[in-house]
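Participant: Structure in structure tokens, see below.
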Amino acid sequence: MIVIFLGPPGAGKGTQGKKIAKKINLPHIAIGDIFRTIIKTSTSEAELINNYVKQGELIPNEIVNQVIKNFLLSSEYKNGYILDGYPRNLEQAKFFESFIKEKIKIIYFDVSDELLIKRILGRYSCKNCGKIYNRYFLQPKTDNVCDVCGSSTFDYRKDDNEEVIKKRIEVYKTETYPLIDYYKNSGNFYIVNGSKSEQEIEIDIQKILKIN
């Protein structure tokens, strides 16, 4: 099974990707996480990618496509995966279809701009285990202590400020809305209400994927 999660930054794709992947025992591939890992390296590629991220610009198709293709051609992904944040435009979708022939399901997370901004501005994660939190919606049960691993060290993303977030959302709309129209005609396109609670969204996705 190949599942694509589409939606703007802050729509909840990563949270649901991890949950659903665990339930159906498939890898969760998040393009955002992949590039954030690359940025932490001291390479010319990292510097180039970081410049796009800081300005709220999308990373060029040729860079994104090659990174994703290298990942997906690995044998560990031969049985399927959940792909989070890719493709983001028609050019990427057609590149993806050029080397992936299996049937896919596309799930789009529909969320208002106002809620997206609040979700992104408030989010942070445990530096040790990666558990995601939000200052507005999901704080640790004990202040400054991760619910999962007990660590007290958290990571706040430097690219998350309101001006950059608004630009990212607008860039996303320009790039991705034509892709949504393209996938709507595929017969395997589904929309979930991303404004619902985590649990409600998870249930909706399970119904789409026919997970018991």
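From the backbone N, Cα and C atoms, a Cβ is placed for every residue, glycine too.
When I checked Swiss-Prot for this same protein, it listed these features:
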BINDING   Gly10, Ala11, Gly12, Lys13, Gly14, Thr15, Arg123, Ile132, Tyr133, Lys196  ATP binding site
REGION    30-59  region 'NMP'
BINDING   Arg36, Glu57, Leu58, Ile59, Gly85, Tyr86, Pro87, Arg88, Gln92, Arg157, Arg168  AMP binding site
REGION    122-160  region 'LID'
BINDING   Cys126, Cys129, Cys146, Cys149  Zn(2+) binding site
Participant: If the AMP binders are Arg36, Glu57, Leu58, Ile59, Gly85, Tyr86, Pro87, Arg88, Gln92, Arg157, Arg168 per the record, what's the largest distance between their Cα atoms, in Å?
Facilitator: 26
Participant: So which residues does the region 'NMP' (30-59) touch in its own chain, when a touch means Cβ under 8 Å and the partner is 6 or more beyond its ends?
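Facilitator: The answer is 13-14, 17, 67-68, 71, 83-86, 88, 159, 163-165, 167-168, 171-172, 175.
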Participant: Out of Gly10, Arg123, Cys129, Tyr133, Cys149, which of these binding-site residues is nearest Pro87 (AMP binding site) by C-alpha distance?
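Facilitator: Ranked by Cα distance from Pro87 (AMP binding site), first place goes to Gly10.
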Participant: Check the region 'NMP' (30-59) for me and report the mean pLDDT.
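Facilitator: Mean pLDDT for the region 'NMP' (30-59): 83.
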Participant: Going by DSSP, is Arg168 (AMP binding site) sitting in a helix, a strand, or coil?
Facilitator: helix
Participant: For Cys149 (Zn(2+) binding site), which residues in the same chain are close in space, meaning a Cβ under 8 Å from its Cβ, but six or more apart along the sequence?
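Facilitator: Counting only residues 6 or more apart in sequence, the Cβ neighbours of Cys149 (Zn(2+) binding site) under 8 Å are Cys126, Asn128, Cys129, Lys131.
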Participant: Provide the three-state secondary structure of Arg123 (ATP binding site) computed with DSSP.
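Facilitator: Reduced to three states, the DSSP call for Arg123 (ATP binding site) is strand.
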Participant: How does the region 'NMP' (30-59) divide up by DSSP, counting helix, then strand, then coil residues?
Facilitator: 20 helix, 1 strand, 9 coil
Participant: Can you give me the residues near the recorded Zn(2+) site, meaning same chain, not Cys126, Cys129, Cys146, Cys149 themselves, Cβ no more than 8 Å from the center of the site's Cβ atoms?
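Facilitator: Output for this site, in sequence order: Lys127, Asn128, Gly130, Lys131, Asp147, Val148, Gly150, Ser151.
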Participant: Between the Cα atoms of Arg123 (ATP binding site) and Arg168 (AMP binding site), find the distance and write it as a whole number of Å.
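Facilitator: Taking the Cα atoms only, Arg123 (ATP binding site) lies 16 Å from Arg168 (AMP binding site).
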